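**Student:** Dumping the structure here so I can ask a few things about it.
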Amino acid sequence: MAGGATGGGHSQAAERRLALAGKGGWGGLVHNRRVFAIAIYASLGGLLYGYNQGVFSSVLTMFSFDQRMASAVNDPTTKGWLVSILELGAWFGVLNTGYIADYLSRKWTIFCAVFVFCIGVIVQITAQQPSSIYGGRFITGMGVGSLSMAVPLYNAELAPPEVRGSLVALQQLAITFGIMISFWIDYGTNYIGGTGSTQSEAAWRLPLALQLVPALILGAGILFMPYSPRWLISKGRDEQALKVLSHMRRLPEDHELVQIEYLEIRTQVIFEQEVSQEMFPQYQGGTLYDGFMLGVRGYLSLLTNRVYLRRTAVGTITMFFQQWTGVNAILYYAPSIFGALGLTGNTVQLLATGVVGIVMWIATIPAVIWVDDLGRKPVLISGAFLMGACHIIIAILTALFQSDWGAHGAAGWAACALVWVFAIGFGYSWGPCAWIIVAEVYPLSIRGKGMSIAASSNWMNNFIVGQVTPTMMSNITYGTFLFFGIFSLMGGFYIWFFVPETKGLTLEEIDEAFGDTTGTAVKDEEHQAAIAKRIGLIALLEGRDGSSSPQILDDSEKKIHEENV
């Protein structure tokens, strides 16, 4: 997003940093091995998230799981709870992550989330009755929800700005890759002991247990990773933050590039502190109560402030429509859906489910490469209409032939192929691009809280979809596809008429697009520019002569910052 004319100092720093940094994007990841290691580490969080999203769908249809958990699996309502309780746990987890990450640090929040996740997985793989699956999946969900927010946050703050977009892209690819491999692992383990009455319980316990592998690697690896520089600065540990930046960039602490990035982070931290002081002066005592009330009042401001409310609505409604496209109904219940569309035999259903993972993963690749060229709205609208058309045609085919799929094999396979086309439509559009829209519509002063509300909307609607889908498939059959098709089309029209295109807009244009006559985004940029000047970032840029690198800030400049911490 381009900055307005008012943000000259901040833009000047960004331009100078980019000039010094060299390669950006994927080239920048490969060029800097430590940053590339961060990228690989980030992908573990996405892989874990995606694997967990996909693995349970095929487990539900395995013979041995049905025999063990029949009382929960055979009733549509309890089956819905069996799946969706994980999303309820994730919703709870993500709502608490922001506060915990600020208090404990990003890295220890990730470690705690992995610990919680592993407890939930162990409860599931040792389960002897449905109550253990319910409890285990809720606990696992708390860990998944927390990781889905904490891992990208940590890696974005540790990586240099020029490769953060690539980290986001890699994270999305890892999620869809995790979904894909979960489907195929389920397909393979389904054969343990046979696919019928002789099937071993290892067929479903093993794919659930394999979640522990990336989780333990993530949890162990985080112990050797540095603290986030941004978190260190927010706690007044400036010298330690500078050392972290120096180590990660493989440059001396007084190098111009390190100093610019260091001062940019300080500018951002001080900005957020001063906004908080301005909005809520009564909660600046530094106590636990003050911290809790700052969080509560900050979230309430998203609803009570008219300027913030419209942007909050765009974030939450976009996430609402992302889930009501029916994507997670497909991911969670794909084998059951393929069975309802005429594919006979659990093995064939699992095979068809595996194709969903492949096409969704492949479709994500061009999206993360070209979305900045195509824009957000065309991608989202085309994806919504494609998904809506797939759902509606599947509904028509099901209404016509569900009474005798055996005599209409071609129609059944056509419906299955449309499920795969639907997965392509989601993979290139609403999968990655909905999150990009959500990240760009909020002004800087509320971006963190706005993103967490959008994430909670995503998980809560994910929970509802998982809960109602089995009942819908049982009671209204083809109407389920018609329902999701209509909501997919509604999502496309919502983006068309109510969400502005954010690609390439200046801050003034963002404010104007949301009817913000007070110029919130511009004021935020002006405020940041003033802080940048006050702490010496502008002087650093204007004073360089190319012959030497600037030195670390003097004591008077540090004192200014300490008064704001």
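Keep in mind that glycine also has a Cβ here, set from the backbone N, Cα and C atoms.
Pasting the feature list from TrEMBL:
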| type | residues | note |
| --- | --- | --- |
| COMPBIAS | 555-565 | compositional bias 'Basic and acidic residues' |
| DOMAIN | 38-503 | domain 'Major facilitator superfamily (MFS) profile' |
| REGION | 546-565 | region 'Disordered' |
| TRANSMEM | 35-60 | transmembrane segment |
| TRANSMEM | 80-101 | transmembrane segment |
| TRANSMEM | 108-127 | transmembrane segment |
| TRANSMEM | 133-154 | transmembrane segment |
| TRANSMEM | 166-185 | transmembrane segment |
| TRANSMEM | 205-227 | transmembrane segment |
| TRANSMEM | 350-371 | transmembrane segment |
| TRANSMEM | 383-401 | transmembrane segment |
| TRANSMEM | 413-438 | transmembrane segment |
| TRANSMEM | 476-499 | transmembrane segment |
**Student:** Is it true that the transmembrane segment (166-185) and the transmembrane segment (383-401) have 3 or more Cβ pairs under 8 Å, skipping pairs fewer than 6 apart in sequence?
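**Tutor:** No, these stretches are not in contact.
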**Student:** Looking only at residues six or more beyond either end of the transmembrane segment (413-438), which have a C-beta under 8 A from one in the stretch?
**Tutor:** 168-169, 172, 175-176, 314-315, 318-319, 321-322, 325-327, 330, 334, 337-338, 341-343, 352, 355-356, 359-364, 366-368, 371, 376, 379-380, 382-384, 386-387, 390-391, 393-394, 397-398, 450-451, 454, 491, 495, 499, 502
**Student:** Out of 35-60, 108-127, 133-154, which stretch has the largest tally of CB pairs under 8 angstroms to the transmembrane segment (350-371)?
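**Tutor:** Ranking 35-60, 108-127, 133-154 by Cβ pairs under 8 Å to the transmembrane segment (350-371) puts 35-60 first.
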**Student:** Which whole number is the mean pLDDT over the domain 'Major facilitator superfamily (MFS) profile' (38-503)?
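**Tutor:** Summarising the domain 'Major facilitator superfamily (MFS) profile' (38-503) by its mean pLDDT gives 88.
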**Student:** Any residues 6+ beyond the ends of the transmembrane segment (35-60) with a Cβ under 8 Å from its own?
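**Tutor:** Distant contacts of the transmembrane segment (35-60): 28-29, 73, 79, 82-83, 86, 110, 117, 137, 140, 144, 147-148, 151-152, 155, 158-160, 163, 166-167, 170-183, 185-187, 190, 204, 207-208, 210-211, 214-215, 217-218, 221, 225, 248, 328, 331-336, 350, 353, 357.
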